[in-house]
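J.: Annotations for this protein, taken from TrEMBL, read as follows:
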type	residues	note
DISULFID	Cys418-Cys433	disulfide bond
DISULFID	Cys444-Cys462	disulfide bond
DISULFID	Cys456-Cys471	disulfide bond
DISULFID	Cys531-Cys546	disulfide bond
DISULFID	Cys552-Cys564	disulfide bond
DISULFID	Cys571-Cys586	disulfide bond
TRANSMEM	826-848	transmembrane segment
DOMAIN	838-1091	domain 'G-protein coupled receptors family 1 profile'
TRANSMEM	860-886	transmembrane segment
TRANSMEM	906-926	transmembrane segment
TRANSMEM	946-966	transmembrane segment
TRANSMEM	999-1019	transmembrane segment
TRANSMEM	1040-1062	transmembrane segment
TRANSMEM	1074-1093	transmembrane segment
REGION	1121-1147	region 'Disordered'
Amino acid sequence: MTSPISGLITSPGYDGRRSYPPFMDAVQKIDLPANHSIMISFERMDIYNQKRNIGDECQNNVTFTTIDRASQRTKEVLVACTNEDLPIRTYTSPLNIHFTTFDAGPPWTGFKFKFTIQPFSKTPKRLKSGLFNCSVPYYASFKQHVHCNMKQECEGGEDEGGHCPFSSPACNGSVAVNNKCYTLFVQPLALSGTSSHNFCQKRGLQPAMMKTTEEWGAFSKLLFSHSRVLDEKIAIGLVYYDWKMPQYYRRSFRWIDNTISYNIFTEGYTRWSGVKTCKQHLPDVCTYYNDRTMPHIYSFLCDVFFLSVYACEFYVDQTHGRNEHQLSRPALHVPKLAVHHYRYFFKACPAGHLTLDFLACHVQGNCGVLKSLQHCPLSPDSVDRPQKTNNVELTNVNAVSSFRCKEANIAIPYSFVCDFRTDCKDGSDEDFCDHSQPCEGFKCDSGQCVEPKRRCDIGIDCVDKSDETECEHVQQKSQVTPILPPAVIDFSSSHLIPVTHVSMDRGDSCPETHFRCQGQLDYCLPVYVLCNGVYDCLGHEDEAGCDQAELCPGFYRCWDSAVCLHPDHLCDGVSSCPRNDDEMFCDGTCPEECQCQGNAFICDGLFDTQLFTQLRYLDAAGSGIKPQHVLHYWYLIWINMQSCAVDYLPVMDFPNLKLLDLSENLLTVVRMDAFMSTKNLEILSLAGNPLVSLLGTVSVTQGSSLKRFDVSRTDLRTFDSIVLTNFTAIRELNISDGKLLQIADNGFRFAPSLWQLDIRGNNIREYPPDAFKSLRELRVLYATNFRFCCRDALPKHYTDIVCISSPVGDEISSCEDLLHSGMYRAYLWLICVMSIVGNVGCFMFRFVTEHKMTKTALDIFVTNLCLADLLMGVYLTMVGTADSLYRGQYLSYERSWTASAVCKTAGFLSLLSSEVSAFIICLITLDRFIVLKFPFSKKKFRTKSALVASFLVWTVGFMMAAIPLLPMTSHWEFYGQSAICMPMPITSETFQGHGFSSGFIVVNFVLFIFIVTGLSIIYSSVQSEVLSQTSQDVTFARRLFAVVASDAACWLLIGILGLLASAGVPIPGEVNEALAIFVLPLNSALNPFIYVFNMMDEARRTALELKLMVMLQAKNIAKKTNTRRHGHENKPEHLTDGVQHSCTVGS
């Protein structure tokens, strides 16, 4: 009793800290005078009870019973056995208070309550609001029950306010520290942690945050000023580490405004029982403060645990709460780097900062100034853009290409592909990855493998967070152990000691690895907490100006981030960069034979492949490394084994491989089912191999996603698309510049997705008419033969297809007509008519007019020349007739026409005509040469020898023309090479029988060199003769000179161009076309007309000579007459001889 009318009643030995004794049975009686009442308020009720079921009685309790004054009977009015907040109570009878305990244990301390005795007239009454009327004169008699207990009990608020000892007028009755005010709210209805935060915010306040030692002192003052809440669990604005934060904060608490608390850390792992975590987020963990024995912070699940006391804060001057309007980025000490002291995979950028070697060319990362680094591409266009060789993406020398994201023109290093983190905005760097490889540790849901001890440790080790999924946790307390500033703070890789610190004096500078926070929180923090998205400084200046952050010269700049760190923090066991790139490849080495850029190697020799199983990119061109050396490389995405002498392909078990270049190797046979396990393979190059066979089997297993297939420059003779049965996704197929002769009967039916097809540079002779009909998605076709670009050969959507053939036609034909030009057609018929009419007319003229068919050797040769030229007219008639017959639909009949007996006969006659003409002209030249140079020689062509020579010429010509028709040469299809049934006379293209064609061009060229030489001699001889001395042989020489000269000029031109084409000199198709149409048949048409014209000219000259001789003879007779008259009888001998000679020439 403190007075006759008031006092305190406590449990035995109560001091607020020691536990009450067990097995207690204590009774206390309070007598009450008549007409008086007793008022009781409960300051602490801290009794341990464990109820197994609702309704169970308490083993430990305080029982209140009233005593009837008249009958002395007792009545139980209250049994208090829990730590609930009991309201003020009033009784009008004496009380017995009975305290019973059976067990106890720390920290349960017992109970303590106040009582007062007052007459009925001064007993306070509750109003309808449930509050007391404290404006009565006797308020002082019960004031101690309601005064300054941080709970409004009076209707007018007289019990709380600025008069309370813990209050400040500026804070309206709450505790003040500098510009901040703290206040407590006690509610009868307990709320969850999340609701308690909302409770403060709805009132324009914030949950209480004690960031400094001074603020903790003010908060303690608030608590100790009201002992009623000292033992309560008080909700504050402190929450636990969030998975979105960097990993080095995993043992840290943060205030509700996302500022890290550097004075509270967990003691061991914080866990919560009965709750299983999920991937999406760590359970929201709130905290409460309790000072039962010493200050501790307890964590609990925000939405599970309920509290009734809430600590809130507010600022007196709201505009100066955190002074964020004048924040500036902290200054850094720029370290002086010696790059050679750092590991091989870190490189210095031109701007002065460090980056990973494979990021050194990344312009967007503010590095890779062109030509500044040896391994960067040399031109702006090639930065991050690999070159293409044979439609396969390859790299520049010593430059690693980048992985291209599907959407947007974004490229990332191959070292970041299939690393379980999405770097492409569309996720294309991860969505194809196969992570089904065995794992000896804990295997994340994504396939990532982590150490078993990382499971359920509250830190995210699996990128998909599955290592913290389905984890059961238990509650853990944390002691408030402030780090007093100034101090140097570092994060530790240890799970037991998350933060280390070293005290320092106020005047000391921070080390160059750290920066200093401004204001009260005078800490030196690691540089890598700048711009990391978390507030570490009290004033939040560490996150200021991050959008305009410098390149941090002298520091390492994290990939795709504004975070920088000192080189001393590289590979220190703490993941300081958002992508963990500061801890990448810390144990890595680089083989001497390679240039290494992260998980990308460029090698020029063999190395121990067992040591580098995490490679993503391998450029081993010319190194001798073969597929069997890297079969255990599960994550290889890009392989170049060009020119590695690969002659055998094992089963290619690379589930993540996208590009494989095996060009320029020694593969002769390839089984396409070897690539069935490369389900992500998109680009495959077998170009430049001596490949003769592609084999494939139909499988029910889903094939590769192959999109680009290159088999150019191989020895394939037949292409059968059935080998692509399991690769139906192919979009680009390149079979160019090879030895392909045939496309199988199924065409390209087993490659239905083809978008681009390249078959240039092949002499494809056999192919089905509907080879391309099944290609509904075809848009680009490259071909040498124009026939592949004809409407009838293409799919129905032919108007959407860009078809490029070189040449556009075969220089003669088109898709519709055998002769693609009307001019060609008119010219052919003109030459045809001239050949037939001219040569038939020549026969008739000689036979009827001159009556000389076989009188002399020269007559025999001329007659045979006319016959040979006539055959050319027959040949032209056959070709012209076929052109008329197939007009408008030639492509449909092309193969039947070129393979027909008629075409072969036409070609036979053409070659026979041209060769016999060449030989006959040679004989004529030889005959005239002998006659003129050796006029008295007996070795001349006579009639018989001329017949024999002509027969031999026809025999040789027949044999030459018949060689392509022999059984052993029939596969040449010599006369079916073109629509005019003759191979083009001049071409650098190789076809069957090309050697034979070149051979007779060479023979003709040699013949006409001889002819030209002979003609030169004959011409000089003819020019030296005087008219009166002209012999009959000279007359014939003049007559045939134009014929022989024109034929010689024609074949001389063809011979020269043919030799140039055989030597590889490119001859324009227009020249070839002109020779085939305009030149070759021309002589056959002109020869007879030139010959007849010369004969007519000679007849005119002969008539003139006869007229002159007659006139001369008449003159001579007149002279003789005059001579006789005068007696001169002598007759001139030379005049008589001249007349006789002239007559001989005229004959």
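Placement of Cβ uses the backbone N, Cα and C atoms for every residue, glycine included.
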J.: Taking only same-chain residues 6+ apart in sequence, whose CB is under 8 Å from that of Cys433 (disulfide bond), what do you get?
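T.: Counting only residues 6 or more apart in sequence, the Cβ neighbours of Cys433 (disulfide bond) under 8 Å are Val417, Cys418, Gly447, Tyr635, Asn656.
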J.: Using Cα coordinates, what distance in whole Å links Cys456 (disulfide bond) and Cys571 (disulfide bond)?
T.: 24
J.: Based on Cβ pairs under 8 Å, which of the stretches 826-848, 860-886, 999-1019 lies most in contact with the transmembrane segment (946-966)?
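T.: Result: 860-886.
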J.: To the nearest whole angstrom, what is the C-alpha distance linking Cys462 (disulfide bond) and Cys471 (disulfide bond)?
T.: 14
J.: Just the number: how many Å between the Cα atoms of Cys444 (disulfide bond) and Cys471 (disulfide bond)?
T.: 14
J.: So what's near the transmembrane segment (826-848) in sequence-distant terms, Cβ-Cβ under 8 Å and 6+ beyond its ends?
T.: 819, 859, 862-863, 866-867, 869-870, 872-874, 876-877, 879-880, 883, 1077-1078, 1081-1082, 1084-1089, 1091-1092, 1095
J.: Among the disulfide-bonded residues Cys564, Cys571, Cys586, point out the residue whose Cβ has the most other Cβ atoms within 10 Å, with all shown protein chains included in the count.
T.: Cys564
J.: May I ask for the distance between Cys571 (disulfide bond) and Cys564 (disulfide bond), taken between their Cα atoms and rounded to an integer number of Å?
T.: 14
J.: Of these disulfide-bonded residues, Cys418, Cys444, Cys471, Cys546, which scores lowest on Cβ atoms within 10 Å?
T.: Cys546
J.: By CA distance, which of the disulfide-bonded residues (Cys471, Cys552, Cys564, Cys586) lies nearest to Cys531 (disulfide bond)?
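T.: In terms of Cα distance, Cys531 (disulfide bond) lies closest to Cys564.
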J.: From the disulfide-bonded residues Cys471, Cys546, Cys552, Cys564, pick the residue whose C-alpha lies nearest to the C-alpha of Cys586 (disulfide bond).
T.: Cys564
J.: Please name the residue among the disulfide-bonded residues Cys456, Cys531, Cys552 whose C-beta has the most neighbouring C-beta atoms within 10 angstroms.
T.: Cys552
J.: Taking the Cβ of Cys462 (disulfide bond) as centre, how many other Cβ atoms lie within 10 Å?
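T.: Cβ-Cβ neighbours of Cys462 (disulfide bond) within 10 Å number 22.
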J.: Rounded to the nearest Å, what's the C-alpha distance separating Cys471 (disulfide bond) and Cys564 (disulfide bond)? Just drop the number here, would you?
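T.: A Cα-Cα distance of 34 Å.
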J.: Could you measure between Cys552 (disulfide bond) and Cys546 (disulfide bond) for me? Cα positions, answer in whole angstrom.
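T.: Here the two Cα atoms lie 12 Å apart.
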